[in-house]
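Each remark here refers to the structure printed beneath this line.
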């Protein structure tokens, strides 16, 4: 028995798990096999607890299937075993950076060449403008299924910057919490190392700084500034589109930071490869570390966000009122918080209690607009156009995959985005039974966890229907 056993486990886990989960939780593990014990080393306690909780049965099952009664005992520890680290070759390129890209990736400096996070020096001139908002922390970020992986990845980076998830690329629609997580990482890093040089900025600020540097003949100072930070957090990287000189400079900055094991975190409103106007060499580098999506929050998370926001404002928000608002406003966190602020302001001005009837009155124009925008008819037309089929196909009895999957998607969206009951949704889809609708909703929920494509389709359609 040898470490090839762990490589076999890796190959199977890669097939069984979504790519993001595999890259985030399994890839960082290091393995050591001795005395019929397979020790798996996690980079920190957070990863160890997560893997043991979520994947212990998967791994034990694979060991038994490969070895039968001779399967080794499994042991988890926090630490590193560099000589037995999970081989990169053990997994295929749909999770790692593509082989042809990996050949061009700059060689990262060995840990011994940079004291880095174990000995962050005192800030030097010029003074670094952190721009990190101290109000945005992990503690006040409401976690749900839609953002669980993104939060976990950000937490990992805050605890171990410059480590396995470098760069970290977060993407999703407007107002879903990407910026909050950027600031939370910055605050987490500086809480651990107060002298760390952490810089947060919008991508347009990088462009503006570069233009000023060119105008003032100070491009070398510009390069030194950005290439000497310990963590660079850039929001809305899609604004680099069609700015060739900015992309050129960021390309070299990116390489320099990666070589120095300095952390990079980027956000965008879309998947890296879908960003138009950005060079392929940059888009490929964006995917070298870990890419995680943030989806629109599900109902339970929307309710939790409203309750937490109300609590922060010392406002008692009845649960049924939070549910009423969350059920009708679905697009993003910013919209939810804006609606709640409006309700609170109206309550303060009028002195009235916050009830469902009061909310209906305070948000009447917003609620009317939402109900006008999202109807089952609109969902059917949007889904049919997205999948390049006819609305009549969605209502038909056809069961081919090319029709059945879009039909299930449309039903799931109708349940998520409208207030119609399951029987009403079934009637709108050719008189189908409510159990068919329930099955469709559960199937799409399952596929969103297993398939990147289905997850992307759902997010894209939600974004289109909510805009």
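Every residue gets a Cβ built from N, Cα and C, even glycine.
Its Cβ taken as reference, residue 178 (ATP binding site) is surrounded by 24 other Cβ atoms within 10 Å in the chains shown. Under the heading ATP binding site, Swiss-Prot lists 175, 177, 178, 179.
The compositional bias 'Low complexity' annotation in Swiss-Prot covers 97-111.
Residues annotated as region 'Domain I, interacts with DnaA modulators' in Swiss-Prot, with sequence analysis given as evidence: 1-90.
Per Swiss-Prot, the feature region 'Domain II' maps to 91-130; the stated evidence is sequence analysis.
Under the heading region 'Disordered', Swiss-Prot lists 97-119.
The region 'Domain III, AAA+ region' annotation in Swiss-Prot covers 131-347.
What Swiss-Prot records for 348-467 is region 'Domain IV, binds dsDNA'.
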Candidate with sparsest Cβ neighbourhood (10 Å radius) among 175, 177, the listed binding-site residues: 175
Secondary-structure category, per DSSP, in which residue 175 (ATP binding site) falls: coil
Residues near residue 179 (ATP binding site) in space but at least six apart in sequence (CB under 8 A): 136, 235, 267
Other same-chain residues whose Cβ falls within 8 Å of the Cβ centroid of 175, 177, 178, 179, the recorded ATP site, in sequence order: 172, 174, 176, 180, 181, 267, 294, 332, 333, 334
Three-state composition of the region 'Domain I, interacts with DnaA modulators' (1-90), taking helix and strand from DSSP: 53 helix, 18 strand, 19 coil
